[in-house]
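Quick look at what Swiss-Prot lists:
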type     : residues                                                             : note
ACT_SITE : D13                                                                  : active site, proton acceptor
ACT_SITE : H41                                                                  : active site, proton donor
BINDING  : 12-18, 40-42, R305, 331-333, 413-415                                 : GTP binding site
BINDING  : D13, E14, G15, K16, N38, A39, G40, H41, T130, R144, Q224, T239, R303 : IMP binding site
BINDING  : D13, G40                                                             : Mg(2+) binding site
BINDING  : V299, N300, T301, G302, R303, K304, R305                             : substrate binding site
Amino acid sequence: MTNVVVVGAQWGDEGKGKIVDWLSEQADIVVRFQGGHNAGHTLVIDGNTYKLALLPSGVVRSSKLSIIGNGVVFDPQAFVDEVAKLKGQGVKIGPDNLRVAENVTLILPLHRELDSLRENASAATAIGTTQRGIGPAYEDKVGRRAIRLMDLADPQTLPHKVERLLTHHNALRRGHGIAEVDSGALLKDLAAIAPRVLPYADSVWNLLDHKRREGKRILFEGAQGALLDVDHGTYPYVTSSNTVAAQAATGTGMGPSALGYVLGICKSYTTRVGQGPFPTELKDEIGELIGQRGKEFGVNTGRKRRCGWFDAMLVRQTVRTSGIHGLALTKLDILDGFDTIEVCTGYRLDGKEIDHLPAGEGAQARVEPIYETIEGWKQPTANARSWADLPAQAIKYVRRIEELVGCPVALLSTSPEREDTILVQNPFEA
């Protein structure tokens, strides 16, 4: 028995929700360890569609314990709204099966306002954020001025912490020419939301440690993708947290030895939302076709995703930076019917071949992909549930990906339905 960490191996939107839900049946606990309510994911269970943003995917299964770890930035109003929405769909959620780290950093309205102000100030400097306050909240966390969940339970010290926070933010707001935040009004809002979120607060690191010692299976659910990691991604076009697998330890308070098997999720092609380098992007009718077939629009924002061929170099890089043991390859069915399929096997930078994406923003923009052409397949892979259901060329495509990225495929997904999954190796039994 082992615990499992799930991370996106590309730029997010890889289909983690379905895979986490598929794995959650075997887990006792599902825990989010980074990001915020910018990480939309969709679950389709028994014909019912659930759209999540902040809550762990395991929350739709009331028998599982779902946890939001300290590495997450937590919007209390978004939390309350999402819980209410799921309850309206018949999902049983309460403090008995959902816990939130008491030391989690809060996202406040002032964070969302600052995020939006920056993003809309100039198209030239836009990063492509969701404008939900994620980055500014992480800034306050690192700047040691953040309001944390447990602060809401301490009315004696909260006013001082709010004043410290507003000393910083009101200076920024004056510089931008917008109204300052009134400390009294903010304290009133926090007092109103406190009783709706504090019942979920817990010492998560301690809870998880006890559960691990009891032999419970823990599933760590990553958000976004490793290529959006603030250190290892395509900086500055990244998110504001670490998204690689190692963050599962830091973002929950567990030691690295508790993590176990690392499963990387990647599409059979590549997508990206927002700005930033994308070596294999297709700006032609093929890219449009992939986007239409794959329904490549953001769950939270509705933003159209950029589409391109599978980039084996980027996934291989993620396999190394996240220590991935096996891949879950999703949306293979979207490539059905193509005469040929291109796979990026390397890069050319200023006339020289290189085997990884350089760290510099300028170099990333100049990179040219080197492609290998693979014969496509006509027989549909949609809804396949075993290797025997797949056409020979589709199997060859999967095997070639394994060779190029240096990692085996543990799971293969052929539709949004959780049952349409081909299991090669069970991560919990690896």
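FYI, residue positions are counted from 1 along the chain as it appears here.
Backbone N, Cα and C define each Cβ position, glycine as well.
Since the structure is predicted, the reported quantities are computational estimates derived from the model, not experimental observations.
Cα separation, K304 (substrate binding site) to L332 (GTP binding site), rounded: 20 Å. You'll find the Cα of T414 (GTP binding site) roughly 16 Å from the Cα of D13 (active site, proton acceptor). Counting only the Cα atoms, the space from T130 (IMP binding site) to L332 (GTP binding site) is about 28 angstrom. In terms of Cα distance, none of the recorded positions chosen from D13, K18, R305, L332 sits within 10 Å of N38 (IMP binding site). Pairwise Cα distances among D13, E14, G15, K16, N38, A39, G40, H41, T130, R144, Q224, T239, R303, the recorded IMP-binding residues, top out at 34 Å. Across the binding-site residues listed here (G12, G15, G40, G302), the residue whose Cβ sits among the most other Cβ atoms within 10 Å is G12. For R305 (substrate binding site), the Cβ neighbour count at a 10 Å cut-off comes to 19, with all displayed protein chains included.
All protein chains considered, the CB of K304 (substrate binding site) has 13 other CB atoms within 10 Å. For K18 (GTP binding site), the nearest neighbour among the listed recorded positions (G40, H41, Q224), judged by C-alpha distance, is H41. For the recorded positions H41, G302, R303, R305, a Cα to Cα distance of within 10 angstroms from G15 (GTP binding site) holds for H41. D13 (active site, proton acceptor) and T42 (GTP binding site) are 10 Å apart (CA-CA, integer value).
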